[in-house]
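Peer 1: There's a structure below that I have some questions on.
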Amino acid sequence: MFKIDEEKCKKCRMCVKECPVHAVYYEKKDKGAIVEITEKCVECGICKRVCKFGAIENDAPLESVITCSSCPIQCKVPLGETGACTRYRNVGGKLVRDRELVVEALEQKEAADNIKKPIITAVGAGTNYPCSKPAPHIVSECRDGVDVVTVVTEAPLSYSGLVIKLDTNTYIGEEGDPVYRDGKVVGMVNTEEYGSKMIAIGGANRLTGDNGFATARTIVELANGEEVELKVNKKIVLKLKAGVAPVIDGVEESIMRIGCGSATVGLFAKRMKDAVDECIVIDHHVIGLCSEHLAGEAVGMTWSGIIPNATKSSRGRYFGGHGSGIGGTSLETPRDAIKGADMSIAKAGMQVMVVNTTGEIYALFELKADGSFDEIPMTEAALGVALAIQDNCQRSMTSILYTGGTGGSARGGVCTHPVKITEAVHEQKAVLTIGGAPAFVYPGGGINFMVDTQKVVNKAFTWVPTPATVAPVEYTMTVADYEAMGGHMDQIKDVSEYK
């Protein structure tokens, strides 16, 4: 377990706040305070990582602890306690999942099949304004013996924007960095997803701000499948178009990463072991070191003594710095990924492979007796590792998701009790589609949705100078439910008038 060096401890209580198993005891005294690490400690290392004063030290290990292997941290779990994740408990000397397996999933509300697709789309429907007027087209047909109605309108939405997903590891800036169109801020870099960079464009505040017209135009052009050039921090140039690979600073992306560096080791540890003595996988999120990784241990490897040029997180997993280098890191060349070697463990002649998470950048090095490294030609086995990574990567693509909120006055064109259509959408009694495409409706109040623009009818979006974007909105439900919410029954037309 760990202990606290009283001379170094400043009683800041950061370790107390962050310990996931509440193993750090704090008591305020008349003269100072007591901070102690109790026998609940699982050696997860959080206290060491948050202590700015180096006051956390290793102590003698407790008896009857079990090392957990369910994640890279490898908690030392005392009898009767759980590890840092609180999932596994030491019960009588055996680690047991602290919750029974749940077999039955929660029941979900699902719309009936006969209302999942609109009878007609709203593309080209027009808008009846003000919104107290019935929607431009209210159309019915009989499906499976049930009368169904679709209400359509092209709704101006000031609450609208885009979520852009770029399948790339290439550095495009930090979260929150401004995104420009023709010198005007139209969005920002968002929190990234696994294997993809994310950008947010628009939103109500940007649409009503000084750059609202540029923002509306950008949303619509991207949503309609046009190519648009954006800049992050007025430096990094992005050429984006839905359904094709992003172009970043003039370089077209080809494939997206197979996973982070740790995941790549986990997937190919056996192949790496058979090919080389060590493999470093470069990634901006987690750099993998095969021999030290638990996946390397699982195939019979022990730490090679090779030290990667990154900050250690846990066994075989290291954090690299963000930058314009390989895999979105600050490493410009494969050689930069090797910091050095512990020659008390490493042996001259060792072959060290460095590869990125798409398998497109790779090199092989040989360790010399003086601790230096010489690059050598790739062996067939080492090249096989890189090709295996490449073969398991997906094509890089730009995805454009349109987001909007239709919970305002546009509901007046649907019915005379607007809250009823909102409730019906959430109860799956009415299905919202956008240009014929299924939409994800956010939980909670209102009708806030997200839709994949590649599934929407082509060129379906426009904008008005209020400014706001205009989206084709369809609501489909049974005629009985429509009447119950105060629908405009006298405006219903049979589908035969349209087809």
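Start at 1 and count along the chain as shown; that gives each residue its number.
Glycine residues also receive a Cβ, built from the backbone N, Cα and C atoms like all the rest.
Found this in Swiss-Prot, in case it helps:
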{"type": "BINDING", "residues": "Cys9, Cys12, Cys15, Cys51", "note": "[4Fe-4S] cluster 1 binding site"}
{"type": "BINDING", "residues": "Cys19, Cys41, Cys44, Cys47", "note": "[4Fe-4S] cluster 2 binding site"}
{"type": "DOMAIN", "residues": "1-29", "note": "domain '4Fe-4S ferredoxin-type 1'"}
{"type": "DOMAIN", "residues": "31-61", "note": "domain '4Fe-4S ferredoxin-type 2'"}
Peer 1: Who are the long-range neighbours of the domain '4Fe-4S ferredoxin-type 1' (1-29) in its own chain, taking Cβ under 8 Å and residues 6 or more past its ends?
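Peer 2: Sequence-remote neighbours of the domain '4Fe-4S ferredoxin-type 1' (1-29) are 35-44, 46-48, 50-62, 76, 81-86.
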Peer 1: Determine the Cβ neighbour count for Cys44 ([4Fe-4S] cluster 2 binding site): the number of other Cβ atoms within 10 Å of its Cβ.
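Peer 2: Total other Cβ atoms inside 10 Å, all chains included: 25.
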Peer 1: Inside 10 Å of the Cβ of Cys51 ([4Fe-4S] cluster 1 binding site), count up the other Cβ atoms and send me the figure.
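Peer 2: Result for Cys51 ([4Fe-4S] cluster 1 binding site): 19 neighbouring Cβ atoms inside 10 Å.
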Peer 1: If the [4Fe-4S] cluster 2 site is taken as the center of the Cβ atoms of Cys19, Cys41, Cys44, Cys47, which further residues of that chain fall within 8 Å of it by their Cβ?
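Peer 2: After dropping the recorded site residues, what remains is Phe2, Cys15, Glu18, Pro20, Val21, Ala23, Val24, Ile37, Val42, Glu43, Gly45, Ile46, Ala84.
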Peer 1: What does DSSP say about Cys47 ([4Fe-4S] cluster 2 binding site): helix, strand or coil?
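Peer 2: In three-state terms, Cys47 ([4Fe-4S] cluster 2 binding site) counts as helix.
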Peer 1: Counting by DSSP secondary structure, give me helix, strand and coil numbers for the domain '4Fe-4S ferredoxin-type 1' (1-29).
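Peer 2: Within the domain '4Fe-4S ferredoxin-type 1' (1-29) the tally stands at 5 helix, 8 strand, 16 coil.
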Peer 1: Give the mean pLDDT for the domain '4Fe-4S ferredoxin-type 2' (31-61) on the 0 to 100 scale.
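Peer 2: That stretch averages a pLDDT of 93.
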Peer 1: For the recorded [4Fe-4S] cluster 1 site formed by Cys9, Cys12, Cys15, Cys51, which further same-chain residues have Cβ atoms within 8 Å of the site's Cβ center?
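Peer 2: The answer, listed by sequence position, is Ile4, Lys10, Lys11, Arg13, Met14, Val16, Val35, Cys47, Val50, Lys52, Phe53, Ala55, Ile56.
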Peer 1: When you rank Cys9, Cys12, Cys15, Cys51 by Cα distance to Cys41 ([4Fe-4S] cluster 2 binding site), which of the binding-site residues ends up on top as the closest?
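Peer 2: When the Cα distances are compared, Cys15 comes out closest.
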Peer 1: Counting other Cβ atoms within 10 Å of each Cβ, which of the binding-site residues Cys9, Cys12, Cys19, Cys47 scores lowest?
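Peer 2: Result for the binding-site residues Cys9, Cys12, Cys19, Cys47: minimum number of other Cβ atoms within 10 Å at Cys12.
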